[in-house]
Amino acid sequence: MIETLRTRLSQGLLLLACSLLVINLAILLYGVFARYLLNASPIWMDELARYLVIASVMLCAGTVYLRDEHMRVNIINRFATGRWGQLLALYHWLVVLLLTGFIAWVSARYAISIQRFMTPGLGISKSIPLLSLPIGFGALCLLTLLRGPVTHTAHSTEN
């Protein structure tokens, strides 16, 4: 059951992140079209493109971590085997879990605290784009919790 929940959540986040990237591509193409063919440069386009990229990266973070496809230094993992390897995996899991939970909480408080300020290009509350941070870190925390402590193995490209 946990495996199914973890897989579906991961796939849903990845689908949403890919959708945001496709929307971002369409907005950038519209901006190029408007700038060079219509001689009009929409001021909101650059701002929205930045927010969409940040949101898609934050939504992908949990899936990338879950699939073990993120960058990390594996020097200690290569030498820690057996009991030490299990303790290292537990330590790593706890650090990631607590750190992402804390960042999600702090970024949510910050996003809510600036809700009365508006973005210059889109004219929306700054809380709306900043909510991608607590959502992304919260998803990363939840996926880390659902994954549990695992021993990381060195990939063949790292040797």
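Any Cβ shown, glycine's included, is placed from N, Cα and C.
Listed in TrEMBL:
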TRANSMEM  12-36  transmembrane segment
DOMAIN    26-145  domain 'Tripartite ATP-independent periplasmic transporters DctQ component'
TRANSMEM  48-66  transmembrane segment
TRANSMEM  87-108  transmembrane segment
TRANSMEM  128-146  transmembrane segment
Considering every residue in the domain 'Tripartite ATP-independent periplasmic transporters DctQ component' (26-145), what is the mean pLDDT value?
88
Treating G and I as helix alongside H, and B as strand alongside E, what does DSSP give for the domain 'Tripartite ATP-independent periplasmic transporters DctQ component' (26-145) in helix, strand and coil?
91 helix, 2 strand, 27 coil
